[in-house]
Structures are given as structure tokens and as C-alpha cells.
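Residues annotated as S-adenosyl-L-methionine binding site in TrEMBL: Thr102, Asp128, Asn158, Ala159.
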Amino acid sequence: MQATRSIRLPRKLSVCRLIHNHHILRSSDPAGRTTSFGFRTVPEESKESLVKGVFDSVASKYDLMNDASSLGVHRLWKDSFVDTLKPGRKGPLRCIDVAGGTGDIALRILDHARENYADRETTVDIVDINAQMLKEGFMRFKKTMYHNTPQVSFHEANAQELTASQFKNDSYDLYTIAFGIRNCTSIPAVLSEAYRVLKPGATFACLEFSKVNNPLLSTLYDQYSFTVIPLLGTILAGDRNSYQYLVESIRKFPSQPDFAQMIRDAGFSTGGDFDGGAWTELWGGIASIHTGVKI
């Protein structure tokens with residue numbers, strides 16, 4: 001699979017590509033390096049196709065399953081994520097939303113800018129590695145005022161190796177990625193690309209599942225995740241294995257301090273290593289918002 005390619009969509013809107021909630025680097029390393037796919041250890045070069053299979057399978061029911069498995073709470077988290085960023089407050093922004101195939105973060109960004117600041121000039125490039133997820137997002141935007149306008153575009157590309165001719169250095173004011181970076185083969189590679197495409201002084205923002213530090217809440221959350229969510233995957237989507245992977249991938253993601261350090265290692269400036277500093281915890285750390293500024 002090529003790192004970036006274009007596919008035709010109706011009404012002259014091109015979709016070009018990348019993977020919410022979902023991104024991965026194809027490895028050319030011959031040294032037999034491995035990575036995690038949920039709780040499994042797999043060759044690095046295999047992970048992209050494995051994750052693609054997961055999101056091909058869940059794309060049409062992705063929003064429904066998110067609602068069922070989180071009791072709708074994921075919508076509140078996404079609202080908080082965008083509200084924290086306040087797009088449009090300081091004028092129009094050029095945004096890139098990575099792993100944003102279904103379009104829910106991009107739509108929130110554009111609505112926030114329009115409703116709060118009368119901003120109809122902010123734009124969002126939606127990037128996902130999975131064409132099926134992008135098609136879901138395209139259909140969502142067809143129902144909105146932003147369809148077939150310069151405010152939104154769709155791109156199928158790999159978050160770890162964005163094509164420099166299309167995603168230029170120092171070109172974006174805001175980079176968002178929600179519930180996607182944990183699916184990448186190389187998180188540092190994603191962060192490096194984020195740093196490259198952002199302008200100096202621009203913001204990197206990531207919403208992702210995190211580590212729950214309260215022992216009681218952690219136990220309850222684990223029981224719910226490993227029993228209810230895969231069962232709902234079977235009932236609502238006919239796919240237990242994909243949702244089992246999604247639960248396992250959450251547990252393999254770095255802790256809040258470790259991920260904050262990875263963001264700094266990529267060159268970003270962050271707050272201190274505490275809740276309310278480098279990250280903001282949501283619902284006891286079930287999810288967290290991480291931000292960094294390109295310096």
C-alpha cells in the first residue's frame with residue numbers, strides 16, 4: 001500500500017488518505033522488529049494491514065458501537081476536547097485532523113468556530129489511513145453546510161509518513177488526533193510528522209484513552225471493557241475480535257507521563273507532568289487530552 005494516494009468521490013471532492021480513531025507506518029526494516037497488536041506481538045510490517053482490517057470491519061457501525069460501549073460519553077469527551085482548543089477564537093485556522101475518518105472532530109471544530117466566533121474561514125483537512133472510515137465521514141459531511149466547500153477536504157494517507165509535497169512543512173495552525181494514535185506502529189514517527197507540518201507556535205492536541213490510577217475504578221473499568229464491549233461488538237456489529245483488539249490496544253498505550261515525554265521528545269513544549277499540566281484527565285483518567293506547542 002502506498003503511503004498516500006487519492007481516490008475519487010462524488011461531486012468533485014477528492015479523498016486522499018490516513019487512519020480516530022487509526023494510523024500506522026509500513027516498516028521496511030528487515031531486522032525482524034516487532035510491535036504490539038492488542039495483546040499480540042506481531043512483525044512491524046504486518047500491523048498496518050491488521051489495523052486496516054479492523055477498521056474496514058467496524059467502519060459502518062463505528063459511531064453506533066462507540067455510543068453503546070461508552071454510553072455516549074465519547075461525545076462529551078470530544079466536545080470537551082474541541083472546547084479546550086477554542087478553534088476560531090484568534091481568527092481562522094488551518095487544521096489537520098488525523099485519524100479523523102468519520103469526521104466527528106472536524107465537524108466539531110468547524111461548528112465551534114462558526115457558532116462561537118462567526119468564523120467561516122477555518123478549514124480542516126481530514127486524514128485517515130482507512131478509505132472506509134473516510135467514506136463514512138464524507139457521507140456525514142454531505143448532510144452539513146460544509147459539504148462541497150473549501151472548509152473541509154478528505155485525505156487517505158499514513159500518519160507516520162505524510163507526503164511532504166501535499167502536507168508541507170510549517171503549514172498548519174492546529175493538529176488534532178482523537179482515539180487514533182494508539183493504533184500506530186510508531187508513535188514517535190506520528191509525533192515527528194505532526195511537528196513537521198505544524199507552524200512554529202502551533203498546537204498539537206491528542207485525545208486518547210489513558211491509565212486509570214484509582215484501583216477501584218480501574219477494576220470496574222477493566223471488567224466492563226473486557227466483558228461488555230466485545231459482547232456489544234458481537235451483537236451490534238457481528239465482530240467480537242475487532243472490538244477485543246480495540247480494548248486491548250487501550251491497555252498497551254503509554255501512561256500519561258510517558259506519553260507526555262514522547263511529545264516533548266518530538267520537540268514540543270508541554271506543561272508539567274500532572275493532571276492539568278501536560279495533560280487533562282477525563283473521567284478519572286479513562287481518557288486524557290494531551291497538548292503540546294511547537295517551539
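Using the three backbone atoms N, Cα and C, a Cβ is placed for every residue, glycine included.
Keep in mind that this is a model prediction, so the values were computed, not measured.
Within 10 Å of the C-beta of Asp128 (S-adenosyl-L-methionine binding site) we count 36 further C-beta atoms, all protein chains included. When the Cα positions of Thr102, Asp128, Asn158, Ala159 are compared pair by pair, the longest gap among these S-adenosyl-L-methionine-binding residues is 16 Å.
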